[in-house]
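Enquirer: Copied straight from TrEMBL:
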SIGNAL    1-24  signal peptide
TRANSMEM  186-207  transmembrane segment
TRANSMEM  214-231  transmembrane segment
TRANSMEM  251-270  transmembrane segment
TRANSMEM  282-302  transmembrane segment
TRANSMEM  308-329  transmembrane segment
TRANSMEM  336-354  transmembrane segment
TRANSMEM  366-386  transmembrane segment
COILED    429-459  coiled coil
DOMAIN    468-717  domain 'Histidine kinase'
Amino acid sequence: MNKFWSCLLVLIWAGLLIPFQSSGQDTVIVKTGKIERNFGKKIMLLKDPGHRIDMKAALTNKDYLKVNTPVPNLGVSNATYWLKFLIRNESNSQDLMLRLALPTIDYLDFFVIDSSQKVVRHEMTGDRLRYGSRRYDNPIPTLRFNLPAHQTYTVLLKIHGGEQLQVPLTAGNSNSLMGEIQTASIIFGLYIGIISVMFIYNLFLFLSTKDKSYLYYIIYILIIGLTQANFQGYAFKYLWPDNTWLSTHAVYILSSLAALSAIEFMKQFLHTRDFLPVLHKTLNFFYIPYLFALISTFFGNLNLGYQVIQVTAVAAAMYMLVIAFMVYLKGFRPAKFFLLAWSVFLLGVCSFVLKDYNILEYNTLTYNMMPFGSALEVVLLSFALADKINTFKKEKEESQAQALKISLENELLIKQQNVELEKKVYERTLELQDSNKTLEITLKDLKEAQSQLVDSEKMAGLGQLTAGIAHEINNPINFVTSNIKPLELDIEELNEVIHMYENLNLNEDLSTQLNAIESFKKRIDLNFVRDEIKSLLSGIGEGAKRTAEIIRSLKNFSRLDENDCKYVDLNEGLDSTLVLVRNTFPSNLKIVKNYGNLPKVECMPGKVNQVFMNLISNAIQAIKGKAEHVEEEKLTISTWHEGEQVKIGIKDTGPGMTEEVKQKIFEPFFTTKDVGEGTGLGLSIVFRIIENHHGQIDVITKVNHGTEFIITLPVTSR
């Protein structure tokens, strides 16, 4: 491999150095009906590295070298070159034409000088001048001038460019060259037609299949078409005729994009990520030199950028060919078509590059090998993509046939299994029916047991409520009944005094009678009797008042079975509950009420009162159940309003709960009481009632520090 590159470099340098020798100058003779092509050996060349020589100095300069190749190859250089040759008209027309088939040249000055060294025609052209400034509308730089018959003129060409500079010159009369120009336009039109058809065809395929390979391919086709159009000068003419910056840099930009789009298409089309993951990653390294080349050109170093692009293009093309061959060896059928198409294009690229170094002769074939190769490549790759679709279609059909075969086998197997399954289902159905009957009986028993437990909880609450009511009513009633007897005795004594006054005999001695009455009043102590009557009546009134209060609390609490929501005062409900359970308070219990100003809350009053009853009763039982008693125990009831919610806190100074007990207290049938003292449904019912009201209940507790239940209820039922 090293020998190959060494030989290639030797040939390149030889091709660059040999063409120029000192010698005399021949004359280009234009004859009727004949076109003079590639007459480089009749041209003298002068190199101006410092860009200091003007036209007059170039005309008389003695340092010209004779060109020894048909097409002068100036290489890639930043120097200015002067080409001088003599042209003689031996045709029957004075209208001559001179063409330089290098559409991407940056600067080109034509000078036609007669025998008296007078400039008879001067024209400037090139990519760095607007296309509209050209006198002759042709992408290829063309000079049209008059030369009398049998006369000899001198032609000077001043050339400067950033890319490879080859000077394929053609001379002849205008009629002869016009046909050639039209032929070149037709050939390029056919090329663009092929590219356009392939682009549209593959675009429709992409829209139909959504295959990313087609997306990358149509991008590649578009860039390849633009690249070749730029090489032929048509992009400058039709796409950016007034943008001289783009016309100068398009050859570098499009060449780089064409190579990179080819790499990305190959990745997608050949699935290099799957077949060759390591080499797949190495392809990304080609972005580096292309990026470097573009940066160089943007900063004005066109020569360096072009050289990097050329070398990288050859290396990338060869590397891609190797990768495609390796994928083909792995049995991937589309790689065969890619190899063929890429080989054709690679042949065109190599021919195009090698003719730049005079290794291949510059002629129409080598000049157009790039367009020919790219057009053929585009067609072959379209066939490759079509073959890929056909392959996938065939594989899909085979897969569907295999799936159908498996499906039929499965269907037969399923039928056989269904027979067995139906038999087992029938047997299992009988077993399930027996199990269902057993479960129905068990469920019925469980429902009855649950109903009994709930009734038991209700009866326990009712018993507690009844005992409280009996105790509360008994005290004021006893107070009333115990005052009745003394009141009767006092009333009898008053009646006796009244009777004595009513029986006074006015005909007898009144003094004696009144003294007897006064004596009786002193004996019964009338003033004491009056005070005692007032005291007894006051006691009876107080007992009646307390009885009425108990009846009112009982009426407020007795709405347990109401299921309709009403707006009620929760503070009033708490007071009613406290009245009914007051008889259960231990003697050292202090009730602390921290009632806030609550709005009326929409709820089921009886259910909420049941919650209060259960929580307050549990708090009292917890306080009573403490192992160590203190001088004063507290039951603190707080209410407050937060936004659209109200909160009720019931806090005791009982023994508190462990975290384990706290997590289970709302579970049905869970209780910490001794057997026979509770069903374990109280707090479960509380939780369900609060949940049905769209509220929540939180527990704050710590062992030996008491427990607080905080109820949160919405003001308005949702």
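Every residue gets a Cβ built from N, Cα and C, even glycine.
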Enquirer: Who are the chain neighbours of the transmembrane segment (186-207) in space, where the CB to CB distance is under 8 Å and they lie at least 6 residues beyond its ends?
Expert: 214-215, 217-218, 221-222, 224-225, 228-229, 232, 234, 368, 371, 375, 378-379, 382, 385, 389
Enquirer: Does the transmembrane segment (308-329) make contact with the transmembrane segment (214-231) through 3 or more Cβ pairs under 8 Å, each pair 6 or more apart in sequence?
Expert: no
Enquirer: Within the same chain, where does the transmembrane segment (366-386) have neighbours whose Cβ lies under 8 angstroms from its own Cβ atoms, ignoring anything closer than 6 residues to its ends? I mean 6 or more beyond.
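Expert: Non-local partners: 101, 168, 187-188, 191, 194-195, 198, 201-202, 205, 213-214, 217, 221, 224, 228, 231-232, 269, 334, 337-338, 340-342, 344-349, 351-352, 354-355, 360.
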Enquirer: Counting only residues 6 or more past its boundaries, what in the same chain has a CB within less than 8 Å of a CB in the transmembrane segment (251-270)?
Expert: 104, 163, 212-213, 216-217, 219-220, 223-224, 226-227, 230-231, 280, 283, 286-287, 290, 293-294, 297, 302, 305-306, 309, 312-313, 316, 320, 323-324, 327, 332, 334-335, 338, 342, 381, 384-385, 388
